[in-house]
Amino acid sequence: MKNQNKFDPVFPLSSEQLNNLKELERTCTNIQSAWLSGYFWKIANQTSNITSFQTNESEKNDPVITIISASQTGNAKLLSKRLYEYFNKNNKISRLIDAMDYKFKKIKDEKILILIISTQGEGEPPEEALSFYKFIMSKNAPNLNNLYYSVFGLGDTSYNLFCQAGKDFDKRFKELGGNSLLDRFDADIEYEDNYNKWSQDLLQSINSKEKIYKSSVSYIDQENTLILSKNHYTKKNPAEGIILTNQKITGRNSKKDVHHIEIDISNLNIKYSPGDALGVWYKNDSNLVKNILELLSINISETITIKNDVITIFDALQNHFELTNNTKNIIKSYANFSKNKFLKDIISNDSDLENYTINTPLIKMIHDHPLKLSSQQLIGLLRPLTPRLYSISSSQEEIDNEIHITVGVVKKLISGHVYLGGASGYLSQSLKSDDIIKIFIQTNDNFRLPINKNTPIIMISSGTGIAPFRAFMQQRDNDNADGKNWLFFGNPNFTEDFLYQVEWQKYIKKGLITNMNLAWSQDQKNKIYVQDRIRENSQEIWSWIEEGAQIYVCGNASKMAKDVEKALLDIISHNAHLNLEESQEFLNNLRLNKRYKRDVY
């Protein structure tokens, strides 16, 4: 009988392959080992994502235009796809790629690069562009003297660091010697007209400089090129779902108000995957609209024209304009209309204006300082209403013709009055069974379950960040996946805030969830958060990482996600004996190989 190698159960390799692997391991540093681990895991899990390019002889000397989409909520991706199609119609060879999949170390070989990028959090790049951002800002970034580029930034002027990610990339490209095709454009939430002009000017600039870069053609790297998906329903053309269930799932004594909402899509051709988000068009509360109009002495029946449609001012405020979030620009304009000394003093001091913006909803400002405005003056103050995105908390394989979302109601208690968020207030308070809701799917290919169903996963969440992991477990259960599953979840109280408790207990009983660690911050004197539970399980988490586990984080970007990342860096540093810089490189390698994925907001 042949003697069995003791490694056979673990390594499906020949003796020669195993010896070569052991020799390679002997010569590798910790960083190199981490990179190889991620590299081979990516090879095992990747599928073809190639767009076929066909060029005729006359096109072979044309420069390739690389369009990079760096999106947080889908707007940058949408505009990138439009630019790709626009270039194709104008006989330009282009490729479209997500920032997450871009091989940024090859940027030195690019001739023309267009970056369309949003900004999240405190002036940070979107999640899928973090690795690209860190590389281009590092000392390892190459000389870009041969690069022609343009940056289109997407943001919101109500935030201090407006379009900061785009500004950072633009500045760095210039520092590295890049040649700007067109001045960077920083677009506010109403970007349509600006984008149209920018894309036309960009094409003209590319054509005018064609002789300069046509002699040297950049290589079209087909691997990871983004395949354009066709979805019948979009932000501009939403579907109409039907509310099946709208149920509060936090306890009566909870400080949080969280709703589980189920939507019927049986008559719609909608497909989605775990990790995707649901876009929701909401309506402003009718009482809020009436109060604003009354305080400003505007008749609710007055009509205005919006995009060639004549509608009442009431309809306009309820369906087309943002009424819950105040902004610095609104406050400044309102102060100038009112001539109110208090407001004038507020806008003359940056710190006071910042605090007033945060703590004073639009309706409170109008209530405290009413004046008479015309309908057109009011509309000129306001920002357009935009849809809100919610992580989908269901798997279509499991529940078929439904979509579930988990909505945390935004509440502010100011001067004894509770102010609700526009979208969350609408979803939780206004919608009942059989009501119509306008929706669309926002795909998120950067937050997907592993293709290999044997891959272990670690899910880290707090609050409503648990939503996509409910979808993940439904999918894993439906697939009979053998991969281990570890859930970390944090919220204030066990009895009041354990979202979907019965379902998690069912999965534990079935053996689908291997480990579950819970953090209840207010159930004991010393507050315990999810990052504390992570540190408590340092050695086992490291063991899972060595086994090829993929790590998912969903929750608050400014606090929870940052604290979790610090905890993960501590685990890497301790178990791999790396310093902080090496640990950051290790974690970045996990991100690059799609083993560390975040959906934060």
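Each residue, glycine too, has its Cβ placed from N, Cα and C.
FAD binds I358, R388, L389, Y390, S391, T406, V407, G408, G421, G422, A423, S424, Y601 as Swiss-Prot records it, and from the list T312, T324, T327, T455 the residue named for this site is T324. Checking the candidates D482, D563 against Swiss-Prot: the one annotated together with S521, Q522, K527, I528, Y529, V530, Q531 at the NADP(+) site is D563.
Taking CA atoms as the reference points, Y529 (NADP(+) binding site) and G121 (FMN binding site) are 21 Å apart.
Looking at F162 (FMN binding site) and D563 (NADP(+) binding site), their Cα atoms lie 24 Å from each other.
Annotated pair Y390 (FAD binding site) and G121 (FMN binding site), C-alpha to C-alpha distance, rounded: 17 Å. The binding-site residues listed here are Y159, F162, Y390; among them, Y390 has the most other Cβ atoms within 10 Å of its own Cβ. Within the set of binding-site residues S71, G74, Y159, T406, the entry lying nearest in space to V530 (NADP(+) binding site) is T406 (CA atoms). In terms of C-alpha distance, the listed binding-site residues D156, G408, G422 place G408 closest to I528 (NADP(+) binding site).
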